[in-house]
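Everything on this sheet refers to the single structure shown next.
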Amino acid sequence: MGARASVLSGGKLDAWEKIRLKPGGKKRYRLKHLVWASRELERFALNPSLLETTEGCKKIIGQLQSSLQTGSEELKSLYNAVVVLYYVHQRIDVRDTKEALDKLQEEQDKSQQKEQQKAADKEVSQNYPIVQNIQGQMVHQALSPRTLNAWVKVIEEKAFSPEVIPMFSALSEGATPQDLNTMLNTVGGHQAAMQMLKDTINEEAAEWDRLHPVHAGPIPPGQMREPRGSDIAGTTSTLQEQITWMTGNPPVPVGEIYKRWIILGLNKIVRMYSPVSILDIKQGPKEPFRDYVDRFFKTLRAEQATQEVKNWMTETLLVQNSNPDCKTILKALGPGATLEEMMTACQGVGGPGHKARILAEAMSKATSTAIMMQKSNFKGQKRIVKCFNCGKEGHIARNCRAPRKKGCWKCGKEGHQMKDCTERQANFFRENLAFQQGEARKFSSEQTRANSPASRELRVRRGDNPLPEAGAERRGTGSSLSFPQITLWQRPLVAIRVGGQLREALLDTGADDTVLEDINLPGKWKPKMIGGIGGFIKVRQYDQIPIEICGQKAIGTVLVGPTPVNIIGRNLLTQLGCTLNFPISPIETVPVKLKPGMDGPRVKQWPLTEEKIKALTEICTEMEKEGKISKIGPENPYNTPVFAIKKKDSTKWRKLVDFRELNKRTQDFWEVQLGIPHPAGLKKKKSVTVLDVGDAYFSVPLDKEFRKYTAFTIPSINNETPGIRYQYNVLPQGWKGSPAIFQCSMTKILEPFRAKNPEIVIYQYMDDLYVGSDLEIGQHRTKIEELREHLLKWGFTTPDKKHQKEPPFLWMGYELHPDKWTVQPIQLPEKSSWTVNDIQKLVGKLNWASQIYPGIRIKHLCRLLRGAKALTDVVPLTAEAELELAENREIIKEPVHGVYYDPSKDLIAEIQKQGHDQWTYQIYQEPYKNLKTGKYAKRKSAHTNDVKQLTEVVQKIATESIVIWGKIPKFRLPIQKETWEIWWTEYWQATWIPEWEFVNTPPLVKLWYQLETEPIAGAETFYVDGAANRETKLGKAGYVTDRGRQKVVPLTETTNQKTELQAIHLALQDSGSEVNIVTDSQYALGIIQAQPDKSESELVNQIIEQLIQKEKVYLSWVPAHKGIGGNEQVDKLVSSGIRKVLFLDGIDKAQEEHEKYHNNWRAMASDFNLPPVVAKEIVANCDKCQLKGEAMHGQVDCSPGIWQLDCTHLEGKIILVAVHVASGYIEAEVIPAETGQETAYFILKLAGRWPVKIIHTDNGSNFTSTVVKAACWWAGIQQEFGVPYNPQSQGVVESMNKELKKIIGQIRDQAEHLKTAVQMAVFIHNFKRKGGIGGYSAGERIIDIIATDIQTKELQKQITKIQNFRVYFRDSRDPVWKGPAKLLWKGEGAVVIQDNNEIKVVPRRKAKIIRDYGKQMAGDDCVAGRQDED
């Protein structure tokens, strides 16, 4: 025995003897337990010496654990002792057996997780596109449709928010460039974003080529060539090459490199789409910390910063920008806290948890005598124990010193002890805490829903009386009793009368007995013990007590004792006929808000006719009975107009509410379903049923807080009484939130049914349900009934009228048969005259039919609808439209069917060219069995060619296929590989086509001509040009050749652009089979270089015909008016008599410059030495310059370092304008978004060019942002803000905005993009307009002012030079500039001047100092009196 006792050495034995057998018990482990354990081990055939080590104990635990479930009490005790010993060996402190067992459980769970993790790591992820086959070769498996579909969904749902980048990164794990291109192509519809991405890829590819020059000489045999930039982008490399690079030794990870480039581009796109700075992310006062952290990291991912900077942001900004409550907690945690610790510490601060805690505290006060801790969740808290024997707190009956009470401690009866007592416990305190009204709850699963407190009511009724209508009122007395209705938003407390005494009690359907506190009742009582939440309480039982509850009387047993709250249990509630009722669908409401800063609609009700008022009154009375709408009082200030229309083919009326105003003010919703399901994507099913949900919207409750905004009024005839006011309790028809909320609720409701029946396919679109399965029809129908039951439980009816059990099924406008589908029969109307509305409907029907009838065309029918016509206008059919309609009628006569999708077979798409820019296509798996067909007739640009259109068709089909089937079909295209290659090499960045093969179905797609890339030796060179006069619309076009030929033709009703094209046409007509053409028109060059083969312009079509006939054509561009030989000659030829010539030398140059820059008369007079009258005549003759100049008044600070900034809007874009106040010089730029980031960047650029001391802006959010403040601080710029709502404080920049817009208007047609026009206008304003002080242009003036400022700063040193400066100044209240005066002295804040022998001191901000160059001022000695005359 001694040997066995030596299991533990001295120190460990002490620890062993401190451990308690039970939590809170007195007994502890002793030496005897070790001796007993070693003996027991021998009984179980285990070696007792195992007890001496940690490892040994672990082995014993492993052996015993498996037998625990079936083992005896001794075995369990042995196991417990060994577990405690295991921890003593490891010198880990445990206080009692339970803690040791808990620790072991935790340890085992952790090791199990690690095992699972290891196992998971061993399995290869399916997303790695390059895998090794059995032969050991590296092969490529294409990205799965699921991956592509996930990517498309990400872009559709998130647009380009920051999450897109990690999602892209995860989905493209290990992908090859070809896979990455597939991913990009599936979202090719986002053209602006893709263009940005393309630019980034091209830049990166060029940079790669620069850093990795090609090695000279041939590549040694067996060695791979090195990838170029375009190889990495997957455009000039094959899939095999990509795999070889990626798996070679050493590898070139082309996939990863390309992915990095794409992520760079995505970063740019994200910055454009969600320009939020991390500095702007602050936690709201009531925002849960977890939500704030999510927003913070979402923005952090989009920030352009190194990882170190991001780490710093996380450490400092996260805490700094949290709200005060969380900040206090986080600071207490100290700087080293992990994110997990922060989240745990701040859990529930400010969120709904606050309310829960307050409720819990209130509850604990009410039930402080009756708390029982659950298991050991609250370690360390002492529970209050109460003695059953004497009733005192602080000890239990076993340790009670008072004499033992006779009988049972539970029921008080003699003859048995408590452990043998059979008396039932009274579950008296089973009150569910309902959340406060309007608090968002988690959507519980349907099992828990059955007893959730969401929207139930307690009704009290007697006997089997039918329930009267909700809300009915008591009328009269006696038997016409109406029963109260009690909602469960608050605890159902009611006033009761017991034996004549008034009390308040809780109606508790979960308690068996009725228990009251502190009430004296007559008659005999029996002692009784009942079990409550906090243990047992002693009560007195009174029988046959009359109780009155809510006017209903009952007689029953009442228990009286120390209950924390008076309870009416089921023994009385059942007598009263009290029921739990679920009214309108128990679906939880979706919280809805108005747009920030907006209030509800207040639109007056318009007058209605008597019959409409009657109809509406009837409809609303019915709806009110059904609980769909409720009457409201005058306290609701909102209103939406309501009217009535007759239902189609019936005498019944229908109520319509005009929710347009409310829709404008309601928050935006995410469109839950992006399109409608298509039958071609359905898999073939044995049994099918189609259901329709009745009164769909009216089954879903509307958010309680939002209901007030749906108020409407039914007026009375002749206003004899005030209108009746109602508001909606359910989703209204016509409100913009209804579809999204309905679909969201429907999806949640179907979720448990779908999970329970995975073999059943349910397609849900709004209220149409398609249910398919491979079950036998009997079983299938049973499932359908289960589904209908399930929907009914949630308040959705599925009317038998619209329940389709037998094929053909009519669903979503389609007709479904067991093995094929078609569109529902289409009738094309026969009419002698067609209105716009008729043709719109006809085109709609044909469009719908085109998904299954191949060859339908509608181009000429659509042409009839061009221009703004009224719906009722009669439109004559053109001959082409008649023919098109007749062809379509023939096609539709023969019914055509589509088949269903078979996932085991490949998809094939075949495309045909129909001519006239129309294309048709079929998608099938077996020949002649089409899944679906379609047509394409979009023209994305005015001048296009077939190859470009073909790629557009392919991309449309690819996107459509991913949506319907989740994968891309193989394409069969009517184009030869060579033709495609030729075109594609030029345009690879813009397009990508998936796997395809050539199919010879005429007409084939071909490139009709090709332009040479180098001049053609020996061919004649034609210099072409054209000119037109804007007013007379007369023009000339012509050419001059290097062989001395020339030709000019006069044109009428033309424009500059047309004459340029006409000149090219002339050159092509008059030249041989090979020709070089030189033009100075970017416009003409741009059109022809894209190799169009058709155009909306007749002239371009004629040029195309000429180009097709030539063998070789080279087209090149030179800048105009730069004295280039042939170009200058032809320019003179076509200009004579067209561009206006006045009667003086130098005028033509001035006029030409004016046509380009619209400079003012002063600039022309000075630059071309023209008399003012002639210069003014040029301006007067320009139709774009006949706008009045605007005078500037008001007193503005004119110090040299001050700039005013403002944003203005034009063509839907934002222009940021900066004006140098003293000179009127402008800097302006089109910015992508009105954000602090863009503004700060602009300010830094400005500060890098000019000395900026002060910027003066309005209070726009971009100017007041922290980013701008930081930029100003860094550049040492002082920021001043204007007076809110007083545009005058921004006067200079405001008037410059107008001026700039005026100039842009004059030259807008010279530039394609607004950003170009803005820079042209800035140039014109700064250098081509003269006037104002000194007769300078703004550009000359700013340089003069800055130079002068530098010189005058040296004034004190060189006081003698001061006489050379002149000062223009303003007096205090007079806005007119005076001067010039002599400068005597310049200080920091003021200048001293001499004006007509009078010496004055003028504040620095009211003076402009200019060097006197002895130049003649425009005007006499005072310029300022004249405003600019431009």
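Positions of Cβ are set from backbone N, Cα and C atoms, glycine also.
All chains included, 26 other C-beta atoms sit within 10 angstroms of the C-beta of GLU1060 (Mg(2+) 2 binding site). When secondary structure is read from DSSP and collapsed to three states, GLU1060 (Mg(2+) 2 binding site) falls in the helix class. Here Swiss-Prot flags ASP1025, GLU1060, ASP1080, ASP1131 as Mg(2+) 2 binding site.
What Swiss-Prot lists as domain 'Peptidase A2' is 503-572. Averaged across the domain 'Peptidase A2' (503-572), pLDDT for the predicted model comes to 86.
Look at Swiss-Prot and you will find 1196-1346 tagged as domain 'Integrase catalytic', backed by sequence analysis.
Under the heading N-myristoyl glycine, Swiss-Prot lists GLY2.
As annotated by Swiss-Prot, region 'Interaction with Gp41' applies to 7-31. Away from its own ends, the region 'Interaction with Gp41' (7-31) comes close to residues 38, 51-52, 81, 84-85, 88-89, 91, 93-100, 376 of its chain (Cβ-Cβ under 8 Å, at least six residues beyond either end).
Residues annotated as region 'Interaction with host CALM1' in Swiss-Prot, with similarity to another entry given as evidence: 8-43. Helix, strand and coil residue tallies for the region 'Interaction with host CALM1' (8-43), in that order: 22 helix, 2 strand, 12 coil [DSSP].
Annotation comment: Swiss-Prot describes 12-19 as region 'Interaction with host AP3D1', evidence class similarity to another entry.
The region 'Interaction with membrane phosphatidylinositol 4,5-bisphosphate' annotation in Swiss-Prot covers 73-77.
Here Swiss-Prot flags 105-124 (among others) as region 'Disordered'.
Counting residue by residue with DSSP, the region 'Interaction with human PPIA/CYPA and NUP153' (185-223) contains 23 helix, 0 strand, 16 coil. The feature region 'Interaction with human PPIA/CYPA and NUP153' is assigned by Swiss-Prot to 185-223, with similarity to another entry given as support.
Annotated region 'Dimerization/Multimerization of capsid protein p24' per Swiss-Prot: 273-359, in sequence order, evidence recorded as similarity to another entry. Broken down by DSSP into helix, strand and coil, the region 'Dimerization/Multimerization of capsid protein p24' (273-359) contains 57 helix, 0 strand, 30 coil.
The region 'Disordered' annotation in Swiss-Prot covers 440-479 (among others).
The region 'Dimerization of protease' annotation in Swiss-Prot covers 484-488 (among others).
According to Swiss-Prot, the region 'Dimerization of protease' annotation covers 532-538 (among others).
Marked as region 'Dimerization of protease' by Swiss-Prot on the basis of similarity to another entry: 571-583 (among others).
The annotation region 'RT 'primer grip'' is assigned in Swiss-Prot to 809-817 on the grounds of similarity to another entry.
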| query | Cβ under 8 Å to the region 'Interaction with human PPIA/CYPA and NUP153' (185-223), counting only same-chain residues 6 or more beyond its ends: which ones? | reply | 148, 151-152, 155, 160, 229-230, 232-233, 257-258, 261-262, 264-266, 268-269, 272-273, 955, 958-959, 962, 968, 989-990, 992, 994
| task | Just give the helix, strand and coil counts over the region 'Interaction with membrane phosphatidylinositol 4,5-bisphosphate' (73-77), going by DSSP. | result | 5 helix, 0 strand, 0 coil
| Counting only residues 6+ away from its ends, which parts of the chain sit with a Cβ under 8 Å from the region 'Interaction with membrane phosphatidylinositol 4,5-bisphosphate' (73-77)? | 40, 44, 64, 67
| Site of maximum Cβ density within 10 Å, from binding-site residues ASP1025, ASP1080, ASP1131 | ASP1025
| Which residue counts does DSSP yield for the domain 'Peptidase A2' (503-572) in the helix, strand and coil classes, in that order? | 3 helix, 40 strand, 27 coil
| Structural state of ASP1025 (Mg(2+) 2 binding site), classified by DSSP into three states | strand
